[in-house]
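Enquirer: One structure, pasted below without further comment.
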Ligand SMILES: *[C@@H]1O[C@H](CO)[C@@H](O)[C@H](O)[C@H]1NC(C)=O
């Protein structure tokens with residue numbers, strides 16, 4: 001303890017007597033910035049006899065550049081709007097009467113990868129020919145480069161330099177056509193360039209079939225014609241076929257290109273229709289829901305009823321057609337129904353005790369959103 005204290009005192013004395021050359025450090029020691037950004041390095045004198053003079057120099061002995069500014073006491077070096085040529089080392093030099101001391105900071109530029117593919121394509125190549133696709137990349141740090149074919153993860157063998165990758169493709173058949181992708185990747189990002197290669201006179205890139213319909217829900221009225229359109233894309237061109245879910249297509253149908261026409265539709269034609277686009281690559285389905293509406297057709301269980309005064313009367317009106325169906329009973333030639341008559345929603349007419357005056361013709365009208373239909377029934381009350 002005593003020895004250390006003595007040493008400290010001694011060194012302080014020596015410094016005072018003979019002075020000390022400066023000790024400097026720089027913060028940060030390294031910096032990595034993107035083009036256009038601003039960066040500063042701070043040079044600090046940690047000890048040494050004053051006065052200390054600070055000075056900055058490039059380690060490559062080039063001038064600092066016009067976008068480099070020094071702080072008032074020379075301690076802070078600031079580079080605004082960083083350019084490629086600002087990359088490199090910066091030396092901070094501290095000088096006093098006793099000597100000189102330097103410390104170095106270094107600046108690296110970060111650049112996300114960029115990719116350029118030549119020729120740009122789409123390229124048409126005859127079977128048997130070959131073509132060279134060149135991919136050049138830029139970026140800092142230097143990105144890795146690879147070629148793949150779209151739809152596959154397998155890296156293709158290419159000839160590479162630090163900044164290029166050349167891919168030679170020999171086209172033997174339509175299978176060799178497709179989209180070729182050059183990918184450049186570094187920790188600053190990922191960039192891709194692509195070029196389409198087609199086989200002349202043959203199929204181009206292979207594209208999975210895709211079926212789509214213009215309308216997914218259709219409504220028609222009985223007796224009308226209905227046309228459904230299906231659009232299919234893909235390469236090779238898919239073949240379109242139509243079917244009906246859990247049933248054969250109606251016999252009065254016609255297929256024309258991607259369209260299905262049903263003539264004189266009936267209620268039984270309601271349901272789901274399926275457009276199927278199929279190619280060698282697979283198939284894709286699209287669905288159309290068809291609802292066929294029909295107007296009501298009304299009937300009664302009895303055309304004519306003969307009863308005695310005091311009997312009970314029950315008349316049921318029935319109808320088929322699209323639901324919901326409303327029923328309405330009236331008396332033909334009379335402004336109002338018989339007093340004591342009662343009707344229900346489902347088409348029943350009830351008269352608890354018939355009178356002679358209840359004789360006459362009754363009418364049931366059945367209505368839905370498409371149309372209406374009526375039926376007459378005769379009631380005769382005889383004593
Ligand atoms: C569509 O076509 C494919 C291939 O022919 C077949 O496997 C599939 O069952 C078809 N779908 C319908 C709904 O018919």
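Please read every residue number as a count from 1 along the shown chain.
Glycine is no exception: its Cβ is also placed from the backbone N, Cα and C atoms.
Pasting the relevant annotations from TrEMBL:
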- 1-19: signal peptide (SIGNAL)
- 22-108: domain 'Ig-like' (DOMAIN)
- 113-198: domain 'Ig-like' (DOMAIN)
- 209-293: domain 'Ig-like' (DOMAIN)
- 296-382: domain 'Ig-like' (DOMAIN)
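Walk me through where these features lie, including what they touch and how far apart they are.
Expert: Across the domain 'Ig-like' (22-108), the DSSP tally of helix, strand and coil residues reads 3 helix, 51 strand, 33 coil.
In the predicted model, the domain 'Ig-like' (113-198) has a mean pLDDT of 89.
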Enquirer: Can you count helix, strand and coil residues in the domain 'Ig-like' (296-382) using DSSP?
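Expert: For the domain 'Ig-like' (296-382), the helix, strand and coil counts are 3 helix, 47 strand, 37 coil.
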